[in-house]
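A short write-up of the structure that comes next.
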């Protein structure tokens, strides 16, 4: 049997935030959600989260995940004290206890499995993850014998100068035999510089303690402040981008771009500098994104390009060109072979194939037919101050520059709207609609003004 306990009670004072530390976000997910994700495939018998500071907020943040149990730690007196709170909760439990930190979000599922497997194959009372760090400051040091059995772990603040030179560190990830641990947990001491109960003090009291040294120390990077949060974001982005580059995606300047774990890319996609993808983005083959794009929860068809633009919660077809400086807002669908040009905003609209909206337009709550040409400066006036109204434009129609279509309105097929028109009534197929004042010219007007 397996129980998982996640330590999530701390305040995170160094974060300088109103949120508990485990609710800080890393690439769209909280630190706690990331830890839970890393162990979701273990199918544990018990999943326990030890909460304390702002416990209600922490509970609410994961209420969409079933099967979680919460254990309160008040006050917070160290990792050993946190795990002591499990003694009544796990009474009668026979099996292994995996202890994870809520502020170590980059741990891979494979690494956790490897630790559990080593723990069980070695029949140890406790197994820990260890890592060699070039700068081990802040981490407890692991001291083991020639057989790889741990003799002791000394917290950084309690190390002598000689002990501090050891760069084999405790990653803070443990797998215990619960029966062995529960017998000694009540007896750990707070005789240390922090007057806290350290979980590491149980190591020397257990008959057999082993460690698994991991190759990628970045996996066990802990987060205590915003600098470390930014560093973990960088590590996560490197991990994601390395994976997709192996699948054929080109990043021109990877360090300037960010993507989410939900993103999916086809072959021969190119991502230019300063391009950021959030949420679930599906990008088909041969797309060219950027530079300077923000794309969120979007589907982009093959051979499409987006430059200097924002796309949110929208679908874009094949062979579509967007930008520069376009804003594609939610619930927009742009079909194949369309062109959306500079300073165009589209919201909650359907743009049929082969249509062009090239310059300086606002299209909202609209249905645009096939092969429509929207002239520069055309807008759909969709809001009457209370409600939004729909504009429908039939296939093969075109609007002249600086036109206003006052919704609700239906423009038929093969219609031409004269430049500068404000159209407020439906227009039938094959018509020309003009709604503007007659031009008046006053000869010699300038001379009269000057009195000559």
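For all residues, glycine too, the Cβ spot is worked out from N, Cα and C.
Residue 359 (active site, proton acceptor) falls within a strand when secondary structure is assigned with DSSP. Annotation for residue 359 (active site, proton acceptor): spatial neighbours 341, 342, 343, 344, 376, 377, criterion Cβ-Cβ under 8 Å with sequence separation of six or more. The active site, proton acceptor annotation in Swiss-Prot covers 359.
Annotation comment: Swiss-Prot describes 7-10, 21, 73, 78-79, 140, 155, 170, 224, 329, 347, 362, 373 as UDP-N-acetyl-alpha-D-glucosamine binding site. Residue 140 (UDP-N-acetyl-alpha-D-glucosamine binding site) falls within neither a helix nor a strand when secondary structure is assigned with DSSP, and so counts as coil.
Taken residue by residue with DSSP, residue 224 (Mg(2+) binding site) is part of neither helix nor strand, so it is coil. Annotation for residue 224 (Mg(2+) binding site): spatial neighbours 12, 14, 15, 21, 103, criterion Cβ-Cβ under 8 Å with sequence separation of six or more. The feature Mg(2+) binding site is assigned by Swiss-Prot to 103, 224.
Look at Swiss-Prot and you will find 376, 382, 383, 419, 436 tagged as acetyl-CoA binding site, backed by sequence analysis. All protein chains included, residue 376 (acetyl-CoA binding site) registers 19 other Cβ atoms within 10 Å of its own Cβ. A coil conformation is recorded for residue 376 (acetyl-CoA binding site) in the three-state DSSP classification, outside any helix or strand.
Among the features that Swiss-Prot reports, region 'Pyrophosphorylase' is placed at 1-226. The average per-residue pLDDT of the prediction over the region 'Pyrophosphorylase' (1-226) is 94, rounded to a whole number.
Residues or ranges marked as region 'Linker' by Swiss-Prot on the basis of sequence analysis: 227-247. Residues of the same chain lying 6 or more positions beyond the ends of the region 'Linker' (227-247) and with a Cβ under 8 Å from any Cβ of it are 15, 24, 26-27, 105-106, 218, 221, 254-255, 257-261, 263, 265, 267.
Annotated region 'N-acetyltransferase' per Swiss-Prot: 248-452, in sequence order, evidence recorded as sequence analysis.
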Site extent for acetyl-CoA, whole Å (max Cα pair distance, 376, 382, 383, 419, 436): 22
Around the Cβ of residue 382 (acetyl-CoA binding site), the count of other Cβ atoms that are within 10 Å: 23
Per-residue Cβ crowding (10 Å cut-off), top of binding-site residues 78, 140: 140
Residue 170 (UDP-N-acetyl-alpha-D-glucosamine binding site) in three-state DSSP notation: strand
Spatially closest candidate among 7, 78, 140, 170, 329, the listed binding-site residues, to residue 382 (acetyl-CoA binding site) (Cα to Cα): 329
From binding-site residues 7, 78, 140, 170, 329, the one whose Cα lies nearest residue 383 (acetyl-CoA binding site): 329
